[in-house]
Amino acid sequence: MKSISKVEEVLEPISKIAEKIGLDEDEIELYGKYKAKISLDILKKKAQLQEGKVILVTSINPTPFGEGKTTTAIGLSMAINRLGFKSIVTLREPSLGPFLGLKGGATGGGASQILPSIDINLHFTGDIHAVTSANNLLCAAVDNHIYHGNRLGINPKSITIKRAMDMNDRSLRHIIVGLSNDQKGAIREDGFVISVASEVMAVLCLSMSYDDLKEKLGNILVGFTYDKKPVYAKDLNVHGSMALLLKDALKPNLVQTSENTAAIVHGGPFANIAHGTNSIVATKIAQKLSEYVVVEAGFGSDLGAEKFINIVARKSGIYPQAAVLVVTVKALKHHAKIEENSGLQSGVNSIQQGLENLEKHIENLKVMGLETVVALNKFPDDKDEEIELIRSFCEEMGVEFSVSSAYTHGSEGVLELAEKVIRLSDKRKRINFVYQDSDFIEEKIKKVATIIYGAKDVKFSKAALSKLELIKNLKVEHFPICMSKTQYSLSDDPKLLGKPKDFILNVTDIEIKNGAGFIVVMCGDIIAMPGLGKDFAALHLDIDSSGNPIFK
């Protein structure tokens, strides 16, 4: 067993990190020695300052264990600082579900981490707990309203919100609630989503102030009356108390990297289910405090990056000046369906199909108007000829290429990437949205499916078609769409690797997130409450007699 906290011996007091980016002691709230909340007043105080440039970090379709996007983003920010510029990396807060489930932590690794990593991966400053509480307060209020006479006439079968928990637990996906001895409540089907996939999390990440937060929470659609009129959270009068529960959660969290540069970690929406980027208030604050903000969008360009452009940028005016597309030899071989231990002497002749996946992601970023650097996250067993093949391919595609060794060497291993990103950020073209606000929802879905995924067409289920009619009736067709699908493929089938052609995207359901202001489009077998695998990560975590975490 080994300690997973030794790297944290380099930690500096968070007040010193705050000082480096121009924050006074009265502008942060300490959560212990190494974590702090940033005051929302910063945006008013720094209003006259020029906004820093935004660098968007994305990837190709990943393997189940990720491709080092977070490690690369952290290393890139550290490298930009090392070159003499001021940079802050902004990231999502890790969810306990993946940390204790399959993927493990989401704080980078090796010489390129955010710290204190174990605190961040566990309860951190309690933001996700607050989101869970606010979400479940709303759910409790709905059932309580029905129990006490149902003045609004809510149809229990029409309730659209689900309870939330920050844990992978498949047994809670579909449940029955309302069983009671007094038989006054409504027995109905319900379920749980993981907290980071809840609409409350999306609302938190898209809100800029307490008034904005409360308004969005009040607009959450909770269900319909028996005569099919919509019911919102504000009709139950709990949106104020929900906002109160989120009072501190709205403030971004300040931590540090393994080289003692600033990192703002705030919000945690999943990218395959939700919109997949840290809060806009965190990025806005980082822009006022630095010259370059490195933002990570979850999973590949087909998910996190697409949603950053079409949801986050559209709503916030935060436009990236350049993009970094993270790739690994391992992932390319995966997309070429080459097993890691297949006995092949070289993968040079066998990753061409994998390069097709990279090609599509490069095309996607070009479509969205982003100048791009492909960053190869280097592993020790990567062969020089494999790296050169990828380099040559990128040159043919007309994009920059750089090898990243942030995990091993920290900022020193990403200096070339940082230099190329800085240079490219001065060349930014106009951002292109994939669809327009005025497009019909069906048209928006088809544009993303055909342009970004490469689908031939889209097939809508009966449930999805009925929701399209509901969207028209509620007059929310102007909302952007939040595509919800597998992260492992450009299609909705996780087994369809590489660059699939002539496939049909299956839209199974559509959800109206009226508070967040977008439409969730469920594709394939996507599930909002993950389950644990047989050998899940929590089986390898422990604590010693001194309270130090250990990894087995």
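Note that Cβ sites are derived from N, Cα and C of the backbone, with glycine treated the same way.
In three-state terms derived from DSSP, T70 (ATP binding site) belongs to a helical segment. Here Swiss-Prot flags T63, P64, F65, G66, E67, G68, K69, T70 as ATP binding site, drawing on sequence analysis.
Listed binding-site residues: T63, T70. The one with the lowest count of other Cβ atoms within 10 Å of its Cβ is T63. For G68 (ATP binding site), the same-chain residues lying six or more positions away in sequence with a CB closer than 8 A to its CB are G109, V326, T328, N377, S404, A406, Y407.
Around the Cβ of E67 (ATP binding site), the same chain contributes S59, I60, V326, V327, T328, K330, A331, N377, each under 8 angstroms and 6 or more positions distant in sequence. With every protein chain in view, the residue among the binding-site residues P64, G66 whose Cβ has the most Cβ partners within 10 Å turns out to be G66.
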